[in-house]
Amino acid sequence: MWKENRRYVNISTFARTNLKLKMNFLFTCLVACTVCSCITVGSRIEKRNLVQLRNQIKHVFGSKRVGELNGYGCYCGWGGSGRPVDGVDRCCQAHDNCYGRHSNCSPKWEYYSYSFQGNTMICRDKFGSCDRNVCMCDRDFIHCLRRNTFNRNNMDRC
C-alpha cells in the first residue's frame, strides 16, 4: 500500500514538473515571438500593437518598408533620442509622442477596429475611447510617412 501511494506522489510530482516545463516553454516562445516581431516591424518594443501597425504599413507601402523602418534615423526602431534626421524620422518621433500621451491606455496591447478605403486608414472605434486614440496615433503615423521621402542614407544614422 505504501509503495502505491509513493508511486502516486511521484507521478503527481512528475506531472506538475512537466506542466511547469511546458508553461515555461510556452512563455519563452511568446516572449521570443514578441521580440522578433518588434525587430521585424521596426517598432519600439515597449509601445506598439505590433501586428496591427505592421499590417497597416505593409498595406500602404508594401512589405519592404516594414523592415526598412527599423533603425532609420533617431526614432524609428528601438530607443529614440536626439534630433530627428528628416521627415520620416519626425513621423516616428511624433508617433512615439502620441503613444506617450495615451500611455494610460497601454498602447502596445490595444486592439482596435480599423479599415482601409484605398490607402486611407479609417478608425472605427468610439470617439474618445482608448482604442480610437491609439488607432488615431497609428493612422496619423501612416499618413505622415506618406507625406515624406525615405532616404537610405539615414539608416542607422543616429
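Cβ atoms here come from the backbone N, Cα and C positions, even for glycine.
Here's what TrEMBL has on this protein:
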DOMAIN    49-158  domain 'Phospholipase A2-like central'
BINDING   Tyr75, Gly77, Gly79, Asp96  Ca(2+) binding site
DISULFID  Cys76-Cys92  disulfide bond
DISULFID  Cys91-Cys144  disulfide bond
ACT_SITE  His95  active site
DISULFID  Cys98-Cys137  disulfide bond
DISULFID  Cys105-Cys130  disulfide bond
DISULFID  Cys123-Cys135  disulfide bond
ACT_SITE  Asp138  active site
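DSSP states for the domain 'Phospholipase A2-like central' (49-158), grouped as helix (H, G, I), strand (E, B) and coil, give 58 helix, 10 strand, 42 coil.
Counting other C-beta atoms within 10 Å of each candidate's C-beta, the binding-site residues Gly77, Gly79 are led by Gly77. Note: Cys144 (disulfide bond) has non-local neighbours Gly87, Arg90, Cys91, Ala94, His95, i.e. same-chain residues 6+ apart with C-beta under 8 A of its own C-beta. For the recorded positions Cys92, Cys105, Cys123, Cys135, Cys137, Asp138, a Cα-Cα cutoff of 10 angstroms around Tyr75 (Ca(2+) binding site) retains Cys92. The two recorded residues Cys130 (disulfide bond) and Asp138 (active site) have their Cα atoms spaced 13 Å from each other. Within 10 Å of Cys76 (disulfide bond), counting C-alpha to C-alpha distances, fall the following of the recorded positions Asp96, Cys135, Cys137, Asp138: Asp96. In terms of Cα spacing, the recorded positions Gly77, Gly79, Asp138 that come within 10 Å of Cys98 (disulfide bond) are Asp138. Straight-line distance linking the Cα atoms of Asp96 (Ca(2+) binding site) and Cys135 (disulfide bond), rounded to a whole number, equals 13 Å. Local packing around the Cβ, expressed as the count of other Cβ atoms within 10 angstroms, is greatest for Tyr75 among the recorded positions Tyr75, Asp96, Cys98, Cys105, Cys123. Each of the recorded positions Cys91, Cys92, Cys130, Asp138 was scored by the number of other CB atoms within 10 A of its CB, and the lowest score belongs to Cys130.
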